[in-house]
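See structure below.
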(Lines of atoms letter the chains of each structure in order from A and count residues from 1; the text may use other names and numbers.)
(Lines give C-alpha, C1' and ligand atoms only; values in the text may rest on other atoms or scores of the structure.)
Protein backbone atom coordinates (compact mmCIF):
# COMPACT_ATOMS: atom_id res chain seq x y z
CA UNK A 1 0.00 0.00 0.00
CA UNK A 2 1.10 3.53 -0.71
CA UNK A 3 -0.21 6.93 0.33
CA UNK A 4 -1.49 9.67 -1.99
CA UNK A 5 -2.27 13.33 -1.39
CA UNK A 6 -3.07 15.62 -4.32
CA UNK A 7 -4.72 18.95 -5.05
CA UNK A 8 -5.96 20.05 -8.45
CA UNK A 9 -5.96 23.81 -9.16
CA UNK A 10 -4.82 25.23 -5.87
CA UNK A 11 -4.80 29.04 -6.25
CA UNK A 12 -1.41 29.37 -4.51
CA UNK A 13 0.11 25.97 -5.07
CA UNK A 14 3.75 26.89 -4.35
CA UNK A 15 2.82 28.52 -1.04
CA UNK A 16 0.65 25.48 -0.32
CA UNK A 17 3.46 22.99 -0.96
CA UNK A 18 4.96 22.96 2.57
CA UNK A 19 1.53 22.20 4.02
CA UNK A 20 0.86 19.63 1.30
CA UNK A 21 4.05 17.78 2.26
CA UNK A 22 2.99 17.77 5.89
CA UNK A 23 -0.45 16.45 4.94
CA UNK A 24 1.19 13.72 2.86
CA UNK A 25 3.40 12.84 5.82
CA UNK A 26 0.22 11.94 7.72
CA UNK A 27 0.03 8.77 5.58
CA UNK A 28 3.73 7.90 5.57
CA UNK A 29 2.88 4.76 7.51
CA UNK A 30 1.28 3.53 4.27
CA UNK A 31 4.46 4.16 2.29
CA UNK A 32 7.56 4.25 4.49
CA UNK A 33 10.04 3.46 1.70
CA UNK A 34 10.22 6.78 -0.16
CA UNK A 35 8.47 10.12 -0.66
CA UNK A 36 7.93 12.06 -3.88
CA UNK A 37 6.07 15.12 -5.10
CA UNK A 38 5.64 17.21 -8.20
CA UNK A 39 4.01 20.55 -9.08
CA UNK A 40 2.75 21.35 -12.55
CA UNK A 41 0.69 24.47 -13.28
CA UNK A 42 -1.52 24.78 -10.19
CA UNK A 43 -1.67 21.07 -9.38
CA UNK A 44 0.41 19.15 -6.83
CA UNK A 45 0.78 15.37 -6.51
CA UNK A 46 2.50 13.76 -3.55
CA UNK A 47 3.27 10.09 -2.95
CA UNK A 48 4.44 7.98 -0.01
CA UNK A 49 5.74 4.70 -1.38
CA UNK A 50 5.64 1.11 -0.22
CA UNK A 51 7.83 -0.73 -2.72
CA UNK A 52 6.63 -4.23 -3.63
CA UNK A 53 6.95 -4.31 -7.44
CA UNK A 54 9.67 -2.43 -9.31
CA UNK A 55 11.36 -1.81 -5.99
CA UNK A 56 14.54 -0.37 -7.50
CA UNK A 57 12.95 1.85 -10.14
CA UNK A 58 9.32 2.64 -9.38
CA UNK A 59 9.49 5.86 -7.39
CA UNK A 60 6.47 8.14 -7.83
CA UNK A 61 4.95 10.38 -9.05
CA UNK A 62 5.69 8.80 -12.42
CA UNK A 63 6.27 11.13 -15.39
CA UNK A 64 5.66 10.56 -19.09
CA UNK A 65 8.55 10.74 -21.59
CA UNK A 66 7.54 14.20 -22.75
CA UNK A 67 7.16 15.47 -19.19
CA UNK A 68 3.49 16.41 -19.54
CA UNK A 69 1.63 13.62 -17.69
CA UNK A 70 2.11 12.89 -14.00
CA UNK A 71 0.79 9.95 -12.01
CA UNK A 72 0.49 8.94 -8.35
CA UNK A 73 -0.89 5.46 -7.64
CA UNK A 74 -1.73 3.40 -4.59
CA UNK A 75 -2.18 -0.27 -5.40
CA UNK A 76 -1.23 -3.08 -7.74
CA UNK A 77 -2.04 -3.70 -11.42
CA UNK A 78 -1.95 -7.48 -11.81
CA UNK A 79 -2.29 -7.51 -15.61
CA UNK A 80 0.45 -4.93 -16.26
CA UNK A 81 2.62 -7.37 -18.26
CA UNK A 82 -0.33 -8.22 -20.49
CA UNK A 83 -1.12 -4.54 -21.02
CA UNK A 84 2.52 -3.73 -21.80
CA UNK A 85 2.39 -6.21 -24.69
CA UNK A 86 -0.70 -4.50 -26.11
CA UNK A 87 0.91 -1.06 -26.30
CA UNK A 88 2.68 0.22 -29.40
CA UNK A 89 6.32 -0.91 -29.81
CA UNK A 90 7.59 2.65 -29.59
CA UNK A 91 6.26 3.04 -26.03
CA UNK A 92 9.22 3.14 -23.66
CA UNK A 93 8.95 1.99 -20.06
CA UNK A 94 11.31 3.63 -17.61
CA UNK A 95 10.57 1.36 -14.64
CA UNK A 96 9.56 -2.16 -13.66
CA UNK A 97 6.59 -0.72 -11.76
CA UNK A 98 3.25 -2.33 -12.53
CA UNK A 99 1.66 1.12 -12.18
CA UNK A 100 3.57 2.75 -15.04
CA UNK A 101 1.27 1.14 -17.57
CA UNK A 102 -1.49 3.58 -16.52
CA UNK A 103 0.69 6.47 -17.71
CA UNK A 104 0.92 4.96 -21.20
CA UNK A 105 -2.73 3.89 -21.46
CA UNK A 106 -4.14 7.34 -20.70
CA UNK A 107 -3.20 9.16 -23.97
CA UNK A 108 -5.28 6.71 -26.03
CA UNK A 109 -7.99 5.72 -23.56
CA UNK A 110 -8.59 8.77 -21.34
CA UNK A 111 -11.24 8.18 -18.72
CA UNK A 112 -11.74 4.62 -20.01
CA UNK A 113 -8.28 3.69 -18.73
CA UNK A 114 -9.53 2.08 -15.46
CA UNK A 115 -11.70 -0.34 -17.46
CA UNK A 116 -8.53 -1.98 -18.76
CA UNK A 117 -6.96 -2.49 -15.34
CA UNK A 118 -7.14 -5.70 -13.34
CA UNK A 119 -6.09 -4.89 -9.82
CA UNK A 120 -6.65 -2.83 -6.72
CA UNK A 121 -5.85 0.84 -7.08
CA UNK A 122 -6.51 4.47 -6.41
CA UNK A 123 -4.77 6.97 -8.63
CA UNK A 124 -4.54 10.65 -9.48
CA UNK A 125 -3.25 11.54 -12.97
CA UNK A 126 -2.52 15.08 -14.11
CA UNK A 127 -2.38 16.02 -17.81
CA UNK A 128 -0.54 19.35 -17.89
CA UNK A 129 -1.20 20.03 -21.59
CA UNK A 130 -4.93 20.11 -20.97
CA UNK A 131 -4.75 21.16 -17.30
CA UNK A 132 -6.83 18.08 -16.57
CA UNK A 133 -6.88 15.78 -13.55
CA UNK A 134 -8.50 12.38 -13.49
CA UNK A 135 -8.83 10.26 -10.37
CA UNK A 136 -10.13 6.71 -10.08
CA UNK A 137 -10.68 3.93 -7.58
CA UNK A 138 -10.72 0.16 -8.14
CA UNK A 139 -14.10 -1.56 -8.74
CA UNK A 140 -14.73 -2.67 -5.15
CA UNK A 141 -12.74 -0.08 -3.22
CA UNK A 142 -10.05 -2.36 -1.84
CA UNK A 143 -7.71 0.63 -1.60
CA UNK A 144 -8.93 3.50 0.56
CA UNK A 145 -9.53 6.83 -1.21
CA UNK A 146 -11.23 10.13 -0.39
CA UNK A 147 -12.11 13.36 -2.17
CA UNK A 148 -12.51 16.77 -0.58
CA UNK A 149 -13.34 20.43 -1.20
CA UNK A 150 -12.68 23.61 0.74
CA UNK A 151 -14.78 26.76 0.89
CA UNK A 152 -11.49 28.69 1.22
CA UNK A 153 -10.26 27.42 -2.17
CA UNK A 154 -13.51 27.00 -4.13
CA UNK A 155 -11.88 26.04 -7.42
CA UNK A 156 -9.64 23.33 -5.94
CA UNK A 157 -10.30 19.60 -5.58
CA UNK A 158 -8.37 17.44 -3.12
CA UNK A 159 -7.68 13.69 -3.08
CA UNK A 160 -6.07 11.46 -0.46
CA UNK A 161 -5.69 7.87 0.66
CA UNK A 162 -6.91 8.71 4.15
CA UNK A 163 -9.12 11.28 5.87
CA UNK A 164 -6.29 12.54 8.07
CA UNK A 165 -4.71 14.22 5.02
CA UNK A 166 -7.88 16.05 4.08
CA UNK A 167 -9.71 17.26 7.16
CA UNK A 168 -7.14 20.00 8.00
CA UNK A 169 -7.86 21.70 4.66
CA UNK A 170 -11.30 20.45 3.55
CA UNK A 171 -14.71 21.21 5.03
CA UNK A 172 -16.46 18.72 2.76
CA UNK A 173 -15.15 15.16 2.34
CA UNK A 174 -16.57 12.03 0.72
CA UNK A 175 -15.40 8.47 0.39
CA UNK A 176 -14.53 8.29 -3.31
CA UNK A 177 -17.00 5.80 -4.84
CA UNK A 178 -15.45 2.48 -5.96
CA UNK A 179 -15.55 1.71 -9.66
CA UNK A 180 -15.79 5.42 -10.55
CA UNK A 181 -13.59 8.01 -12.19
CA UNK A 182 -13.52 11.78 -11.67
CA UNK A 183 -12.67 14.10 -14.56
CA UNK A 184 -11.82 17.72 -13.81
CA UNK A 185 -12.63 18.62 -17.43
CA UNK A 186 -16.31 17.96 -16.74
CA UNK A 187 -16.22 18.05 -12.92
CA UNK A 188 -18.20 14.82 -13.06
CA UNK A 189 -17.67 11.46 -11.37
CA UNK A 190 -18.93 8.55 -13.48
CA UNK A 191 -19.08 4.80 -12.99
CA UNK A 192 -16.73 2.88 -15.29
CA UNK A 193 -17.26 -0.52 -13.62
CA UNK A 194 -20.23 -2.23 -15.29
CA UNK A 195 -20.40 -5.89 -14.24
CA UNK A 196 -23.31 -8.13 -15.19
CA UNK A 197 -24.34 -8.54 -11.54
CA UNK A 198 -24.68 -4.83 -10.64
CA UNK A 199 -28.50 -4.65 -10.54
CA UNK A 200 -29.73 -6.59 -7.46
CA UNK A 201 -33.14 -7.03 -9.07
CA UNK A 202 -31.61 -9.12 -11.86
CA UNK A 203 -31.56 -12.41 -9.98
CA UNK A 204 -29.36 -15.01 -11.69
CA UNK A 205 -30.59 -18.50 -12.48
CA UNK A 206 -27.37 -20.22 -13.56
CA UNK A 207 -26.58 -23.53 -11.86
CA UNK A 208 -23.41 -23.69 -9.81
CA UNK A 209 -20.25 -24.75 -11.66
CA UNK A 210 -18.00 -26.04 -8.89
CA UNK A 211 -14.99 -26.51 -11.13
CA UNK A 212 -15.25 -22.95 -12.46
CA UNK A 213 -15.45 -21.53 -8.95
CA UNK A 214 -12.31 -23.45 -8.02
CA UNK A 215 -10.24 -22.59 -11.08
CA UNK A 216 -11.24 -18.93 -11.05
CA UNK A 217 -10.27 -18.49 -7.40
CA UNK A 218 -6.98 -20.28 -8.05
CA UNK A 219 -6.29 -17.88 -10.91
CA UNK A 220 -7.12 -14.95 -8.66
CA UNK A 221 -4.62 -16.05 -6.01
CA UNK A 222 -2.00 -16.67 -8.69
CA UNK A 223 -2.26 -13.08 -9.90
CA UNK A 224 -1.83 -11.74 -6.39
CA UNK A 225 1.47 -13.48 -5.75
CA UNK A 226 3.12 -10.83 -7.93
CA UNK A 227 5.87 -9.46 -5.68
CA UNK A 228 9.58 -8.77 -5.33
CA UNK A 229 9.46 -8.93 -1.53
CA UNK A 230 8.69 -11.62 1.10
CA UNK A 231 4.97 -12.36 1.29
CA UNK A 232 2.50 -14.34 3.37
CA UNK A 233 -1.12 -15.12 4.19
CA UNK A 234 -3.30 -14.03 7.08
CA UNK A 235 -4.52 -17.34 8.44
CA UNK A 236 -7.40 -17.37 10.91
CA UNK A 237 -8.14 -21.06 10.51
CA UNK A 238 -11.57 -20.29 9.09
CA UNK A 239 -12.67 -21.40 5.64
CA UNK A 240 -11.83 -18.26 3.67
CA UNK A 241 -8.27 -17.58 4.82
CA UNK A 242 -7.48 -21.31 4.86
CA UNK A 243 -8.57 -21.74 1.24
CA UNK A 244 -6.49 -18.74 0.17
CA UNK A 245 -3.52 -20.15 2.09
CA UNK A 246 -3.97 -23.58 0.51
CA UNK A 247 -4.05 -22.19 -3.02
CA UNK A 248 -1.12 -19.86 -2.29
CA UNK A 249 0.92 -22.78 -0.96
CA UNK A 250 0.31 -24.72 -4.18
CA UNK A 251 1.13 -21.75 -6.39
CA UNK A 252 4.27 -20.96 -4.39
CA UNK A 253 5.46 -24.53 -4.86
CA UNK A 254 4.89 -24.16 -8.62
CA UNK A 255 6.80 -20.87 -8.67
CA UNK A 256 9.71 -22.52 -6.88
CA UNK A 257 9.78 -25.40 -9.32
CA UNK A 258 9.56 -23.13 -12.35
CA UNK A 259 12.35 -20.88 -11.13
CA UNK A 260 14.53 -23.82 -10.15
CA UNK A 261 14.80 -22.62 -6.58
CA UNK A 262 17.11 -24.75 -4.45
CA UNK A 263 17.65 -23.87 -0.79
CA UNK A 264 16.43 -20.32 -1.32
CA UNK A 265 18.85 -19.40 -4.10
CA UNK A 266 18.19 -16.08 -5.80
CA UNK A 267 15.88 -15.61 -8.76
CA UNK A 268 17.18 -13.66 -11.76
CA UNK A 269 15.47 -10.24 -11.80
CA UNK A 270 12.67 -9.83 -14.30
CA UNK A 271 9.19 -8.33 -14.48
CA UNK A 272 6.91 -10.01 -11.96
CA UNK A 273 3.26 -10.91 -12.52
CA UNK A 274 1.18 -12.96 -14.96
CA UNK A 275 2.10 -12.63 -18.62
CA UNK A 276 -1.10 -13.95 -20.21
CA UNK A 277 0.55 -16.83 -22.05
CA UNK A 278 0.35 -19.78 -19.66
CA UNK A 279 -1.27 -17.96 -16.73
CA UNK A 280 1.73 -18.66 -14.54
CA UNK A 281 3.17 -15.89 -12.46
CA UNK A 282 6.68 -14.71 -11.78
CA UNK A 283 7.47 -13.73 -8.23
CA UNK A 284 10.59 -13.29 -6.15
CA UNK A 285 11.56 -15.01 -2.90
CA UNK A 286 8.86 -17.73 -3.23
CA UNK A 287 8.43 -18.88 0.36
CA UNK A 288 4.97 -18.79 1.93
CA UNK A 289 4.65 -17.46 5.46
CA UNK A 290 1.38 -17.68 7.41
CA UNK A 291 0.31 -15.51 10.33
CA UNK A 292 -2.34 -15.90 12.99
CA UNK A 293 -3.27 -14.01 16.15
CA UNK A 294 -5.60 -14.56 19.05
CA UNK A 295 -5.96 -14.78 22.78
CA UNK A 296 -4.18 -17.87 24.18
CA UNK A 297 -6.10 -20.99 23.13
CA UNK A 298 -8.52 -19.07 20.89
CA UNK A 299 -10.55 -20.99 18.26
CA UNK A 300 -8.71 -19.30 15.39
CA UNK A 301 -5.12 -19.88 16.52
CA UNK A 302 -5.79 -23.56 17.22
CA UNK A 303 -7.36 -24.05 13.78
CA UNK A 304 -4.71 -21.92 12.04
CA UNK A 305 -1.88 -24.02 13.47
CA UNK A 306 -3.57 -27.16 12.16
CA UNK A 307 -3.97 -25.65 8.69
CA UNK A 308 -0.40 -24.36 8.58
CA UNK A 309 0.97 -27.78 9.51
CA UNK A 310 -1.19 -29.41 6.84
CA UNK A 311 -0.01 -26.93 4.17
CA UNK A 312 3.62 -26.77 5.25
CA UNK A 313 3.79 -22.98 5.52
CA UNK A 314 6.35 -21.10 7.58
CA UNK A 315 3.89 -20.35 10.37
CA UNK A 316 3.99 -17.52 12.89
CA UNK A 317 1.49 -17.57 15.76
CA UNK A 318 1.05 -14.55 17.99
CA UNK A 319 -1.01 -14.05 21.12
CA UNK A 320 -2.22 -10.77 22.53
CA UNK A 321 -3.61 -9.94 25.93
CA UNK A 322 -6.92 -8.26 26.58
CA UNK A 323 -5.09 -5.25 27.99
CA UNK A 324 -2.90 -4.94 24.89
CA UNK A 325 -6.04 -4.90 22.79
CA UNK A 326 -7.67 -2.24 24.95
CA UNK A 327 -4.52 -0.12 24.94
CA UNK A 328 -4.47 -0.14 21.12
CA UNK A 329 -8.06 0.99 20.59
CA UNK A 330 -7.42 4.71 20.25
CA UNK A 331 -4.65 4.12 17.69
CA UNK A 332 -6.84 1.62 15.84
CA UNK A 333 -9.62 4.20 15.51
CA UNK A 334 -7.08 6.79 14.34
CA UNK A 335 -5.88 4.49 11.55
CA UNK A 336 -9.32 3.10 10.65
CA UNK A 337 -10.98 6.52 10.60
CA UNK A 338 -14.18 4.78 11.68
CA UNK A 339 -16.35 4.34 14.76
CA UNK A 340 -18.17 1.24 13.52
CA UNK A 341 -18.33 -1.38 16.28
CA UNK A 342 -17.74 -4.53 14.26
CA UNK A 343 -14.93 -2.92 12.25
CA UNK A 344 -13.08 -1.83 15.39
CA UNK A 345 -13.57 -5.18 17.10
CA UNK A 346 -12.06 -7.09 14.17
CA UNK A 347 -9.42 -4.51 13.27
CA UNK A 348 -7.67 -4.45 16.63
CA UNK A 349 -6.14 -7.95 16.45
CA UNK A 350 -5.43 -7.42 12.73
CA UNK A 351 -3.66 -4.15 13.56
CA UNK A 352 -1.56 -5.84 16.26
CA UNK A 353 -0.73 -8.74 13.95
CA UNK A 354 0.33 -6.41 11.15
CA UNK A 355 2.96 -4.87 13.40
CA UNK A 356 4.39 -8.32 14.06
CA UNK A 357 4.35 -9.10 10.33
CA UNK A 358 6.22 -5.89 9.54
CA UNK A 359 8.83 -6.75 12.17
CA UNK A 360 9.50 -10.02 10.37
CA UNK A 361 10.28 -8.19 7.12
CA UNK A 362 7.12 -9.26 5.25
CA UNK A 363 5.47 -6.52 3.19
CA UNK A 364 2.57 -8.24 1.45
CA UNK A 365 -0.11 -10.64 2.67
CA UNK A 366 -3.15 -12.31 1.15
CA UNK A 367 -6.41 -12.10 3.09
CA UNK A 368 -9.86 -13.66 2.87
CA UNK A 369 -12.17 -10.63 2.82
CA UNK A 370 -15.22 -10.71 0.55
CA UNK A 371 -16.23 -14.34 0.69
CA UNK A 372 -19.01 -13.83 3.25
CA UNK A 373 -20.54 -11.02 1.21
CA UNK A 374 -20.40 -13.01 -2.04
CA UNK A 375 -21.73 -16.31 -0.70
CA UNK A 376 -23.93 -15.12 2.17
CA UNK A 377 -21.57 -16.49 4.79
CA UNK A 378 -22.65 -14.35 7.72
CA UNK A 379 -24.88 -16.42 9.96
CA UNK A 380 -27.72 -13.88 9.81
CA UNK A 381 -28.23 -14.91 6.19
CA UNK A 382 -30.11 -17.93 7.55
CA UNK A 383 -33.04 -15.53 8.10
CA UNK A 384 -33.26 -14.45 4.45
CA UNK A 385 -36.99 -14.52 3.49
CA UNK A 386 -36.32 -15.59 -0.09
CA UNK A 387 -33.54 -16.30 -2.55
CA UNK A 388 -34.20 -12.94 -4.22
CA UNK A 389 -33.67 -11.05 -0.98
CA UNK A 390 -30.64 -13.22 -0.22
CA UNK A 391 -29.13 -12.15 -3.55
CA UNK A 392 -30.00 -8.48 -3.04
CA UNK A 393 -28.20 -8.59 0.31
CA UNK A 394 -25.17 -10.18 -1.39
CA UNK A 395 -24.98 -7.30 -3.87
CA UNK A 396 -25.55 -4.66 -1.20
CA UNK A 397 -22.78 -6.08 0.99
CA UNK A 398 -20.30 -6.33 -1.89
CA UNK A 399 -21.02 -2.73 -2.92
CA UNK A 400 -20.44 -1.56 0.67
CA UNK A 401 -17.22 -3.47 1.28
CA UNK A 402 -15.18 -0.28 0.89
CA UNK A 403 -16.88 1.00 4.04
CA UNK A 404 -16.43 -2.18 6.08
CA UNK A 405 -14.16 -5.19 5.54
CA UNK A 406 -12.02 -3.67 2.78
CA UNK A 407 -11.52 -0.56 4.90
CA UNK A 408 -10.50 -2.77 7.83
CA UNK A 409 -8.10 -4.94 5.83
CA UNK A 410 -6.55 -2.00 4.02
CA UNK A 411 -6.03 0.35 6.93
CA UNK A 412 -5.18 -2.18 9.66
CA UNK A 413 -2.27 -3.48 7.60
CA UNK A 414 -1.27 -0.19 5.97
CA UNK A 415 -0.87 1.28 9.46
CA UNK A 416 2.41 -0.66 9.59
CA UNK A 417 3.44 -0.49 5.93
CA UNK A 418 2.00 -3.90 5.01
CA UNK A 419 -0.15 -4.48 1.93
CA UNK A 420 -3.20 -6.77 2.03
CA UNK A 421 -4.48 -8.35 -1.19
CA UNK A 422 -7.91 -9.95 -1.40
CA UNK A 423 -8.37 -12.71 -4.01
CA UNK A 424 -12.11 -13.20 -3.41
CA UNK A 425 -12.73 -9.71 -4.82
CA UNK A 426 -11.14 -10.39 -8.19
CA UNK A 427 -13.35 -9.06 -11.00
CA UNK A 428 -13.50 -12.40 -12.80
CA UNK A 429 -14.27 -14.32 -9.63
CA UNK A 430 -17.09 -11.90 -8.82
CA UNK A 431 -18.57 -12.47 -12.28
CA UNK A 432 -18.59 -16.22 -11.69
CA UNK A 433 -19.74 -16.31 -8.07
CA UNK A 434 -22.39 -13.56 -8.18
CA UNK A 435 -24.04 -15.07 -11.25
CA UNK A 436 -24.92 -18.34 -9.50
CA UNK A 437 -28.58 -18.95 -8.70
CA UNK A 438 -28.87 -17.73 -5.09
CA UNK A 439 -30.98 -20.77 -4.27
CA UNK A 440 -27.64 -22.63 -4.31
CA UNK A 441 -26.34 -20.33 -1.54
CA UNK A 442 -29.24 -20.54 0.93
CA UNK A 443 -28.39 -21.81 4.42
CA UNK A 444 -30.56 -24.81 5.33
CA UNK A 445 -30.47 -27.74 7.74
CA UNK A 446 -28.79 -29.74 5.00
CA UNK A 447 -26.45 -26.99 3.80
CA UNK A 448 -24.01 -25.07 5.97
CA UNK A 449 -23.22 -21.44 5.07
CA UNK A 450 -20.98 -21.07 1.97
CA UNK A 451 -21.77 -24.67 0.99
CA UNK A 452 -20.93 -24.17 -2.69
CA UNK A 453 -17.51 -22.70 -1.92
CA UNK A 454 -16.71 -25.60 0.41
CA UNK A 455 -17.98 -28.12 -2.13
CA UNK A 456 -15.88 -26.55 -4.90
CA UNK A 457 -12.73 -27.40 -2.97
CA UNK A 458 -13.86 -30.78 -1.63
CA UNK A 459 -11.78 -33.41 -3.45
CA UNK A 460 -13.18 -36.42 -1.58
CA UNK A 461 -14.92 -37.66 -4.74
CA UNK A 462 -11.82 -37.16 -6.92
CA UNK A 463 -9.66 -40.31 -6.73
CA UNK A 464 -5.99 -39.51 -6.22
CA UNK A 465 -6.57 -35.76 -5.77
CA UNK A 466 -4.65 -34.03 -3.02
CA UNK A 467 -7.04 -32.38 -0.54
CA UNK A 468 -6.93 -28.62 -0.26
CA UNK A 469 -7.71 -28.64 3.46
CA UNK A 470 -8.43 -31.06 6.31
CA UNK A 471 -12.10 -32.01 6.23
CA UNK A 472 -12.88 -30.48 9.62
CA UNK A 473 -11.47 -27.13 8.47
CA UNK A 474 -13.19 -27.20 5.09
CA UNK A 475 -16.53 -27.71 6.82
CA UNK A 476 -15.92 -25.62 9.97
CA UNK A 477 -18.73 -23.21 10.89
CA UNK A 478 -18.23 -19.50 10.37
CA UNK A 479 -16.49 -17.53 13.13
CA UNK A 480 -16.40 -13.76 12.66
CA UNK A 481 -12.84 -12.64 13.15
CA UNK A 482 -13.60 -10.63 16.30
CA UNK A 483 -15.09 -13.80 17.82
CA UNK A 484 -12.50 -16.24 16.53
CA UNK A 485 -9.54 -14.47 18.13
CA UNK A 486 -11.09 -15.43 21.49
CA UNK A 487 -14.56 -14.87 22.88
CA UNK A 488 -13.10 -12.91 25.79
CA UNK A 489 -12.18 -10.07 23.41
CA UNK A 490 -15.73 -8.91 22.72
CA UNK A 491 -16.72 -9.49 26.32
CA UNK A 492 -13.95 -7.24 27.67
CA UNK A 493 -14.85 -4.51 25.16
CA UNK A 494 -18.47 -4.51 26.30
CA UNK A 495 -17.52 -4.65 29.98
CA UNK A 496 -15.04 -1.78 29.62
CA UNK A 497 -17.53 0.34 27.69
CA UNK A 498 -20.02 -0.20 30.51
CA UNK A 499 -17.55 1.48 32.86
CA UNK A 500 -16.59 4.25 30.45
CA UNK A 501 -20.10 5.38 29.43
CA UNK A 502 -22.86 6.21 31.89
CA UNK A 503 -26.58 5.59 31.50
CA UNK A 504 -27.09 9.37 31.53
CA UNK A 505 -24.76 9.78 28.56
CA UNK A 506 -26.67 7.14 26.61
CA UNK A 507 -29.93 8.97 27.27
CA UNK A 508 -28.50 12.29 26.06
CA UNK A 509 -26.24 11.69 23.04
CA UNK A 510 -24.44 14.63 21.47
CA UNK A 511 -26.83 16.73 19.34
CA UNK A 512 -24.36 16.82 16.42
CA UNK A 513 -24.68 13.04 16.06
CA UNK A 514 -28.27 13.45 14.86
CA UNK A 515 -29.74 10.21 13.53
CA UNK A 516 -26.36 8.48 13.82
CA UNK A 517 -26.31 8.30 17.62
CA UNK A 518 -24.85 5.00 18.92
CA UNK A 519 -27.33 2.49 20.34
CA UNK A 520 -24.85 0.74 22.68
CA UNK A 521 -22.32 1.92 25.22
CA UNK A 522 -19.57 0.27 23.21
CA UNK A 523 -20.57 2.26 20.14
CA UNK A 524 -20.80 5.45 22.22
CA UNK A 525 -17.29 4.90 23.58
CA UNK A 526 -15.83 4.41 20.09
CA UNK A 527 -17.67 7.43 18.70
CA UNK A 528 -16.19 9.63 21.43
CA UNK A 529 -12.67 8.43 20.61
CA UNK A 530 -13.34 9.12 16.93
CA UNK A 531 -14.63 12.64 17.64
CA UNK A 532 -11.53 13.41 19.71
CA UNK A 533 -9.34 12.73 16.66
CA UNK A 534 -11.50 13.75 13.70
CA UNK A 535 -13.69 16.82 13.07
CA UNK A 536 -17.38 16.64 12.18
CA UNK A 537 -16.87 16.67 8.39
CA UNK A 538 -15.29 13.19 8.60
CA UNK A 539 -18.26 11.42 10.20
CA UNK A 540 -20.42 11.15 7.02
CA UNK A 541 -17.78 8.84 5.48
CA UNK A 542 -18.48 6.19 8.16
CA UNK A 543 -21.01 3.38 7.74
CA UNK A 544 -22.15 1.33 10.71
CA UNK A 545 -22.34 -2.42 9.98
CA UNK A 546 -25.50 -4.15 11.23
CA UNK A 547 -27.06 -7.53 10.40
CA UNK A 548 -30.19 -7.65 8.26
CA UNK A 549 -33.36 -9.65 9.05
CA UNK A 550 -32.46 -9.64 12.73
CA UNK A 551 -33.59 -7.85 15.88
CA UNK A 552 -30.17 -8.45 17.43
CA UNK A 553 -28.16 -5.21 17.42
CA UNK A 554 -24.84 -6.86 18.30
CA UNK A 555 -22.98 -7.66 15.05
CA UNK A 556 -21.08 -10.61 16.57
CA UNK A 557 -21.65 -13.97 14.96
CA UNK A 558 -22.18 -15.44 18.43
CA UNK A 559 -25.32 -13.36 18.77
CA UNK A 560 -26.99 -15.37 16.00
CA UNK A 561 -29.05 -18.30 17.29
CA UNK A 562 -27.62 -20.95 14.95
CA UNK A 563 -24.05 -20.36 16.17
CA UNK A 564 -22.75 -23.43 18.00
CA UNK A 565 -21.28 -21.33 20.85
CA UNK A 566 -24.02 -18.83 21.66
CA UNK A 567 -23.80 -16.18 24.38
CA UNK A 568 -26.03 -18.12 26.75
CA UNK A 569 -23.75 -21.17 26.83
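Yeah, the Cβs are placed from backbone N, Cα and C, and that goes for glycine too.
Any TrEMBL annotation is an automated prediction that lacks curation.
These features come from TrEMBL:
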type	residues	note
ACT_SITE	2	active site, for GATase activity
DOMAIN	2-187	domain 'Glutamine amidotransferase type-2'
BINDING	98	L-glutamine binding site
BINDING	234, 293, 367, 368	ATP binding site
SITE	369	site 'Important for beta-aspartyl-AMP intermediate formation'
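Of 2, 98, 234, 293, all annotated as recorded positions, the residue with the shortest Cα distance to residue 369 (site 'Important for beta-aspartyl-AMP intermediate formation') is 234. For the ATP site listed in the record, the two most distant Cα atoms among 234, 293, 367, 368 lie 15 Å apart.
The Cβ neighbour count for residue 367 (ATP binding site), using a 10 Å radius over every protein chain in view, is 26.
Taking the domain 'Glutamine amidotransferase type-2' (2-187) as a whole, pLDDT averages 96 in the prediction. Using a 10 Å radius centred on the Cβ of residue 293 (ATP binding site) and all shown protein chains, the other Cβ atoms total 29. In sequence order, 53, 54, 76, 77, 78, 80, 119, 226, 273 constitute the residues six or more apart from residue 98 (L-glutamine binding site) in its chain with CB-CB distances below 8 Å.
Between residue 367 (ATP binding site) and residue 2 (active site, for GATase activity), the C-alpha separation comes to 18 Å. Taking the C-alpha positions, the distance from residue 293 (ATP binding site) to residue 2 (active site, for GATase activity) comes to 25 Å.
Residue 368 (ATP binding site) has a Cβ environment of 24 other Cβ atoms inside 10 Å. Same-chain residues at least 6 positions away in sequence with a Cβ under 8 Å from that of residue 234 (ATP binding site) are, in sequence order, 241, 290, 291, 292, 350, 353, 365, 366, 367, 368, 420.
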